Amino acid sequence: PKVGVTGKALARELNLDLDAPKIKQLKELGIKKETLEHAVEHLLSHKDSSLKYYIFAALVFGGIIFLVKLGRPEKSNIKNRRDWYPRTPYILSLCLSVIIAGFFLGKSPNPMEGLVKVFKSMIGLYPDPMVKVIAFGFFIMLAVIGNKMICGWACPFGALQELFYSLSILRRIKQKKLPFILTNTIRAGLFFTTLLLMFGILGGRRGFIIYHYINPFNLFNLDFESVSILLTVIIVLGGAFIIYRPFCQLICPFGFISWATERFSIFRVKINHEKCTQCGICVEKCPLEAAKGKVEGKKMPADCFSCARCLNVCPVDAIKYSSKFKKGITKQSSRPNSAPSALR
């Protein structure tokens, strides 16, 4: 029966020689039925991948242009500004990501799997490791061009969590801000434990991948192959009403790696410390500890997803979204300012 994949693509997916005899049955080549079904399913989930990469890039660059140029009219009245940048473009970007890059085009490719598949190819679970490295490099490139913009504006599951957190009907629910040292320790611990298990250093069996059993991107294929995946989706989306992007903060391996690259990002939230009065308003509005770290001048602050909540609330216009190469914004003030309680 026709399954919508080519023989050459299937051969590569099964790691078979393209010159293998075509008259032989796959079972004669050592290919089990389950392996074949998994390979076909994997290929079908990637059939629109090239379009999805374009969508990711468009959402990221569109978001950067908006944040740098269009988000706030020059000399606008501070008192009349919203709590964060006009919602429409950001919410539109999130919805496009969830609907088009998520449910319409399926779960793959996505930033999390882009990283995991690099390691899977290193232990022989996927052929063509360079292809996986290039795909991962694409996602990291977008994360560096705009500070974690691929996570904040384009990743479909990240967008879904953002929408849940932002639902106005739930504003009466008191939302929680988790300590970054806790969330990052959990995320890093899970990442390195997965590597040890995957390479057989722990457990003595290569190829065991924790993320496979808690992969929420399966939601976009409506494919809950294990109960653990379904539970992960339910718990994460339920928690997203109260905690900002719980999967991104606590689990996502790409989130961990992209946090480590934030110091190299080109476009980012920047604070003019000469103008900053340390009033703490941006710290209060930030759903994470990112603004607090930036105000305090930390070299490695908490994840900043470029959500822009901080940009319109500064009473002295000390916060902007701009290029790291633009001078006169990031110099740390040496004047003695007593930090308010929000910063302590």
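Just so you know, glycine gets a Cβ as well, placed from its N, Cα and C.
Because TrEMBL annotations are produced automatically, they should be read as predictions rather than curated entries.
According to TrEMBL, the protein carries these features:
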- 51-68: transmembrane segment (TRANSMEM)
- 89-106: transmembrane segment (TRANSMEM)
- 134-160: transmembrane segment (TRANSMEM)
- 181-204: transmembrane segment (TRANSMEM)
- 224-244: transmembrane segment (TRANSMEM)
- 267-296: domain '4Fe-4S ferredoxin-type' (DOMAIN)
- 301-324: domain '4Fe-4S ferredoxin-type' (DOMAIN)
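The list of residues near the transmembrane segment (51-68) in space but at least 6 beyond its ends in sequence, with Cβ under 8 angstroms from a Cβ of it, reads 85, 89-90, 93, 96-97, 100-101, 105, 109, 138-139, 142, 145-146, 149-150, 152-154, 267, 306, 308, 311, 321-323.
Summarised as a single figure, the pLDDT of the domain '4Fe-4S ferredoxin-type' (267-296) averages 93. According to DSSP, the domain '4Fe-4S ferredoxin-type' (267-296) comprises 11 helix, 5 strand, 14 coil.
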